[in-house]
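Undergrad: Quick one: the structure is below, questions incoming.
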Amino acid sequence: MLRYVIKRILLLIPVLLGISFFVFMVLHLFTTDPAALMLGQHATNEQVAALREELGLNDPVWVQFFRFLSDLVQGDFGRSLMTRAPVLDEIFSRFPATVELALAAIFIAAIVGITVGVVSAVKQYSVFDYFSMIGALLGVSMPIFWLGLMMIVLFSLKLHWLPVSGRIDIGMEPVHITGLYIMDSILTRDWESLKSALLHIIMPATALASYSMAIIARMTRSTMLEVIRQDYIRTARAKGLKETVVTYRHALRNALIPVITVIGLQMGVLMGGAVLTETVFSWPGIGSRLVDAILASDYPMVQGSIIFIATVFVVVNLVVDLLYAWLDPRIKYS
Amino acid sequence: MDNLLLNVEDLKTHFFLDDGVVPAVDGVSFHLRKGETLAVVGESGSGKSITSLSIMRLVPAPPGRIVGGRITFAGEDLLAKSEKEMRDVRGNRISMIFQEPMTSLNPVYRVGDQIAESLVLHKRMKKKEALEQAVEMLRLTGIPSPEKRVRDFPHQMSGGMRQRVMIAMALCCQPELLIADEPTTALDVTIQAQILELMQELQRQMNTSIILITHDLAVVAEVADRAVVMYCGKVVEEAPVAELFENPLHPYTRGLLNSIPRLDENVDRLFMIDGVVPNMLRLPPGCAFAPRCPEAREHCRETAPRLTRVAPGRLVSCLLVEGGAA
Ligand SMILES: Nc1ncnc2c1ncn2[C@@H]1O[C@H](COP(=O)(O)OP(=O)(O)OP(=O)(O)O)[C@@H](O)[C@H]1O
Ligand SMILES: [Mg+2]
């Protein structure tokens, strides 16, 4: 198992190299001159040319790429053109918000999706089954930003149940431990902050979760239906086990194996969805920062954010694969 | 019969499908004594498995349902039991082994845990104690180094080994009745013989009664005391095994006996009675076997025969047998 883990980690290196290369090239080919951007509209051509020379923008592309890469390896993502702060610092200050949102979303998506899927399968063709599968169809086809706006209109503007935007009420931020407000407020037993954080996160997390929730519910339902017809389920019943034990101990554990993969893949979808969700709900994460950076042509920030998000995505997938290997003993660690 | 263990009377289990009702089991009666081995034979689709699932009250529902009859087990009416009461019977007093050892064990749990689960459930054992007992059961079924194999997952074992695990699981609570639904069909011939021997050996040790479902008459000859022959959801003949082989009364039984395969033949093509099993949705009005029966007369196609006692311990359902008239 350990050898398998090490092998998988080593395999990350070429993947990350590829990602960096791709992001670098795309931005290199399609962005306006960063030197001109940095100097603003009133700069003279000479000034721009001097800065280009200084930044090494006149070197061959591959030289620039390797310089960029060696900086990356040393943790130097460059500086934001907008704020002049190191890109990595910006990312790290924004990252906990995105993680918190994505975790909340995947938590909601997994819990609700799996529960709905199991009940739909066990009560196949029931009213519950029909309604939940119609709901799943809606969840898959509804654009996040539209759903998010509708939720804001209903729950914030009409009913006044939930705050329109932001992560927490101003001044309520809990003591910084992990950077995840929910976690930190629980750790410091700061229940007021916890309440505020939960009220803020519930809408964006649900909006972000909707698509994944629907996918997970459908996947769970179909694999459960598949598993319930297996011979070993008949064996479990013939043992005299209760139907709930048969469903949860014997069927669900098997049905979860493919569902876990789907949940892992959804983590990637969530990362993408987070960009939109964060924008709709003014959630102060990497996604909304990325959008700001794109609008301002802040290319080091765009580059850094994308590479960072892609890295997280790849690492999450690795963790999911390892989890999968642990859940399904038939998978060989080689 | 004071040592009667199981009595099935006029059992009817039907499947209610969109295009009609399949009478998978239609008026089946037989009995079983303590310590006895009863074989149930018949072609594919004759209702053998559904009969045994009916006894366990595990008929897939919907579409299946037990619509009539009585099943008495150790003096208790199984069909009157609640689902909760049935759970105390299943795996504890009546156990089942299935045809497909490769898929009948849960792939994500260790075999030891799967055996122990029954013991924890029915014998209220602690997990540790149950695992020790699981090792003993595996030892009893002749699995080498059982203290290691309990920690195996099913995919690490061969088909024969897995069937031994199934047997260990079925017998760990010392059931009064073991229903073995084609326990050896999926295994190769030498393993088949070992598994049958093992079942007989454990039967002697535990005084278990066995219902052995098979379409292999060679197996019947070897291990069973009595046999019930089924066709299209009905019992067509019942007899002590020796007499059945010596003097089969029903033309269908004779057909089966004539088609016992030689060793060099493909095992899948066991029966070579002419014609095919009729569509269960549209059974002929008379004897269901008449369309394929070489001896059928005109009235066989019109009148359904009834299972009738023609000699002590011998029952047959055929209009052509003397005394077997409807
Ligand atoms: N789930 C089901 N739905 C509909 N019909 C069924 C179902 N299960 C069984 N049947 C019907 O019941 C009849 C008897 O099936 P059963 O499985 O008892 O046959 P069998 O004698 O065990 O055959 P085999 O030797 O192939 O195992 C079959 O003709 C089949 O059409
Ligand atoms: Mg069968």
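Cβ coordinates are placed from backbone N, Cα and C, and glycine is handled just like the others.
Curation plays no part in TrEMBL annotations; they are all automatic predictions.
Pulled the feature table from TrEMBL, pasting it below:
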| type | residues | note |
| --- | --- | --- |
| TRANSMEM | A:9-30 | transmembrane segment |
| DOMAIN | A:95-324 | domain 'ABC transmembrane type-1' |
| TRANSMEM | A:101-122 | transmembrane segment |
| TRANSMEM | A:134-157 | transmembrane segment |
| TRANSMEM | A:197-217 | transmembrane segment |
| TRANSMEM | A:255-276 | transmembrane segment |
| TRANSMEM | A:306-327 | transmembrane segment |
Undergrad: Go through the chain and flag residues at least 6 beyond the ends of the transmembrane segment (A:306-327) whose CB is under 8 A from any CB in it; none is fine as an answer.
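TA: For the transmembrane segment (A:306-327), the far contacts come to 1, 4-5, 8-9, 12, 15-16, 19-20, 23, 72, 77, 91, 95, 253, 256-257, 260-261, 263-265, 267-268, 271, 286, 290, 333.
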Undergrad: With a Cβ cut-off under 8 Å, give me the same-chain residues at least six positions beyond the ends of the transmembrane segment (A:197-217) that come close to it.
TA: 100-102, 104-110, 112-114, 116-117, 120, 132-133, 135-140, 142, 144, 147-148, 151-152, 155-156, 162-163, 166-169, 172, 174, 181-182, 185, 259, 262-263, 266, 269-270, 273-274, 277-278, 280-281, 283
Undergrad: Do any residues, 6 or more residues outside the transmembrane segment (A:134-157), come within under 8 Å Cβ-to-Cβ of it, and if so which ones?
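TA: Beyond its ends, the transmembrane segment (A:134-157) has Cβ neighbours at 116, 163-164, 203-204, 206-208, 210-211, 213-215, 217-218, 273, 276-277, 279-281.
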Undergrad: Take the transmembrane segment (A:9-30) and find every residue of the same chain, 6 or more past its ends, with a Cβ under 8 Å from one of its Cβ atoms.
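TA: Answer is 61, 64-65, 68-69, 72, 299, 302-303, 306-307, 310-311, 314-315, 318.
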